[in-house]
Ligand SMILES: C=C(OP(=O)(O)O)C(=O)O
Ligand SMILES: [Mg+2]
C-alpha cells in the first residue's frame, strides 16, 4: 500500500551540454522519487535508442500518458514487473518507441519512490542493510576526443584513482588536487592555454597524447607524495571514435599517427607499463573482441581492461566477452540498457565471472545522483563520475553523505 504508484510525471529539462533530456517524478501513497536520464556523445552502436523519433517533446506529449496509464496502481516495489511493463509498452527490442532514456528515468524514479515509501535511502532499498562499501572515484582530469574541441588529445579521458585513500572525502579531494595541479602543468606545456574544459569537467589542452600522459603521471606522483595517498593514472581511450574502418587504423589526429590493430596493442601495452596504468577503458574498437582479449591476456594481471562501447551494459554481449576473455572490467551505464533490472542483471553476471563493474556517468549529465546509490548497492569498487562540475559533484557529494550514514563504512577492495 505504502508504495503503490499514484502519479507519474515526465518533464523536459536541460542536461549539462544544454540539450533536452527527461526528468521523471513518481508519487506513491507514502513516497516520492525523481530521476533524470543522461546522454552520451561517444555512444556504443548497440546501446538502446535514447529517444524516440520526435525526441523529448514526443515523450512529453504522447508517451508520458501511455506510461502513466499502465504504471499508476502498480506497486513501485515490484521493480522487475514495472521494467517489464515498460518493455511491453515499447514493443521494440532496442526501446526505440519510448526511448531508453525515458525508460531508465522511469525505472530509476520508481525505485527511488519505492525506497522513499519505506523511508529508506535508495542504496539500502536496493542493496540491503549490510552494505558498507564505498566505491573509489575514477576522476576525469583531461578531456580529448569526442568530449573536447579541436586540437585536444585523441584519448578521450585522462583519469585518476586515489587507490589508497582511506575514505571518500580523502578520495574526492585527492582527485580535485590532481585536477588543480594539472592546470599548472598544462600551462607550462602550452602558454596559450585558457583553462578550457571538456564535457566532463576535465581540462582540454592543446598538447600531444604523450605530453598529456606525461603530465598526468607527474601530477599523480607530485600530489600523491604531498597528500600521502597513492594516486594511479587511468584512461578511457574510447578507441571506437578513432577507428577508421576503411583504413583499418586508429587515427591519432593530434599526433598525426595512424596505428593498425597490432600497433595499437603494442602502444597500449607500452602505456600501461610506462605509466603504471591502473585502468584502461575501450582500448580497441567496439567490434574488436580479439584485440581486447590479447591485451587482457598480456596486461590483465596488472591493469583493469574495461569494456564500455563493446559491452554497452548488455548481459548477452558481456556473456560473449566473458567467453572470449575480452576484459576484466565493464562500464555500467543504466541508460545504455534502459532499466535498473537489466542493469542489475549485467552487474550480477560480471561479478559472477570476476569482471569488475564500474558504475559510470555519461558525458551529458544532470544533477541526478542515482548512480552514487547504485554503485554502493551493487558493491561496485569504482565509480566514474568526473571530478568537478555541478553535475559531477552531485554524485561525489552524495557518496560523502552515504558514507556518513553507514555505521561501518569502508572503501571498496580494489585488489580482489
Ligand atoms: C562517459 C563516457 O562518454 P559518453 O557518455 O559520451 O559515452 C564514456 O565513454 O565512458
Ligand atoms: Mg567510455
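From the backbone N, Cα and C atoms, a Cβ is placed for every residue, glycine too.
Keep in mind it's a predicted model, so treat the numbers as computed, not measured.
For the Mg(2+) site, TrEMBL gives 236, 308; the one candidate out of 214, 281, 286 that the record lists there too is 281. Together with 156, 362, 363, 384, the (2R)-2-phosphoglycerate site in TrEMBL holds one more listed residue from 131, 180, 183, 333, which is 333.
Among the listed binding-site residues, namely 147, 333, 362, 384, the Cβ with the most fellow Cβ atoms inside 10 Å is that of 384. Residue 147 (substrate binding site) falls within a helix when secondary structure is assigned with DSSP. In the vicinity of ligand 1, defined as a Cβ distance under 6 Å, the following of the binding-site residues 236, 333, 363 are placed: 236, 363. In this view, residue 363 ((2R)-2-phosphoglycerate binding site) is surrounded by 24 other Cβ atoms within 10 Å of its Cβ, with every protein chain counted. Across the domain 'Enolase N-terminal' (5-126), the DSSP tally of helix, strand and coil residues reads 52 helix, 26 strand, 44 coil. Checking the binding-site residues 147, 156, 333, 360 for a CB within less than 6 Å of any atom of ligand 2 leaves no residue at all. Sitting within 8 Å of the Cβ centre of 236, 281, 308, and not among those site residues for Mg(2+), are the Cβ atoms of 156, 157, 235, 237, 238, 280, 282, 306, 307, 309, 331, 360, 384.
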